[in-house]
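Have a look at the structure below before the remarks.
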Amino acid sequence: MSRPATDIEDILPPKPQAPHPSDCCGTGCCPCVHDIYEQDLKTWRRQCDLIRGSTQEEHQTGAAIEPHKWTEFEIIKIDQVNKNTILYSFKIPDNKSLGIKVGQHVIVKQTKNGRLYTRQYTPITDIDKQSVFEVLIKIYPNGKVTQVIKNWKVGDLIPWRGPFGDFLYTPNTYKCILMLAAGTGIAPMYQIVKSIVQNEDDETAVKLCYASKTFSDVLLRSELAEFCQYWNFTMCYYLSEEKDVRGNKRYREEAEARRLSKAEVQQELERGPLHSTLVLVCGTKSFEKDMVNSAKNANVPDENIYKF
Ligand SMILES: Cc1cc2nc3c(=O)[nH]c(=O)nc-3n(C[C@H](O)[C@H](O)[C@H](O)COP(=O)(O)OP(=O)(O)OC[C@H]3O[C@@H](n4cnc5c(N)ncnc54)[C@H](O)[C@@H]3O)c2cc1C
């Protein structure tokens, strides 16, 4: 079946912007802004190839969502998780599961002032869960799409397509995974940790460093505390605006009342087996840039660093 090319082009991620010549100081920084741009460009090309190249035949049979066709799902529940984050639950008809793999995301389309926008979100429900999928969405006061999303109501039909994302997790490929997440960047990490701790045969050790402003901004806090009972999962919160870390800390939680520093990430990596460590990064652009640079400075091979 032929696919309308314009339709696919609509859902490609935006191309990274080339640095301005004045962005490079010319003193041989490692990595230089041009290296980072080249890396972003490679990732972007890979993502576009994957989206253009994937066919409906490759897509899991019995899956409720498709990469090349918008499917409407009904909102069945809305929960305000904290002051700016909402958990939306969608009904999957016919007892099907969504049909995504660990670490993959889906895309929503919304129209605002006559313009069409698409945005990526990572479902946090078990990937093989039937009949329902959930997405945790942070609402930005100046967000083009999240300002539309915050008006979604139970019963609304919302168009989604997917799955997308070229990160596919294979158990026991690495000895350690260092996860560096900020804000809603926890969503793909949560999926991956869950699949590791729930698989008794997976011996990968995971350390999560989760940056947030305060404990009340932390997402999936109870779920993460549950994961800490497994031998192969440890984590620490880095809370830049929390005044009382000791008083608000719960059982099994580790937390620091400061930002996660680049030097700290570098030190953490230098302690482990670099060539058998995977570094996963997801957060704001500046957080991702700092974390990727720290991993590179610690001599983690490029192919062992993945930015969602
Ligand atoms: C693979 C992938 C998976 C994602 N999964 C999720 C998810 O599960 N839940 C979720 O809430 N978001 C997720 N996002 C981010 C999401 O796709 C949107 O970028 C976000 O909802 C903002 O959209 P917007 O149109 O409201 O903001 P925009 O109008 O695009 O941006 C407005 C302003 O919001 C701020 N902003 C936008 N995005 C971010 C961000 N990621 N971090 C910090 N500040 C930001 C910036 O200050 C920006 O200037 C994911 C992104 C990617 C690439």
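A Cβ is built for glycine as well, from the same backbone N, Cα and C atoms used for every other residue.
Per TrEMBL, these features apply:
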type	residues	note
DOMAIN	68-170	domain 'FAD-binding FR-type'
BINDING	Arg119, Tyr121, Leu136, Lys138, Lys144, Val145	FAD binding site
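Shown on the structure are the features that TrEMBL records.
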| residue | record | Cβ neighbours (10 Å) |
| --- | --- | --- |
| Arg119 | FAD binding site | 17 |
| Tyr121 | FAD binding site | 19 |
| Leu136 | FAD binding site | 20 |
| Lys138 | FAD binding site | 18 |
| Lys144 | FAD binding site | 13 |
| Val145 | FAD binding site | 19 |
Leu136 (FAD binding site) - helix vs strand vs coil (DSSP): strand
Overall pLDDT of the domain 'FAD-binding FR-type' (68-170), taken as the mean: 94
The domain 'FAD-binding FR-type' (68-170), counted residue by residue under DSSP: helix, strand, coil: 7 helix, 51 strand, 45 coil
Site extent for FAD, whole Å (max Cα pair distance, Arg119, Tyr121, Leu136, Lys138, Lys144, Val145): 17
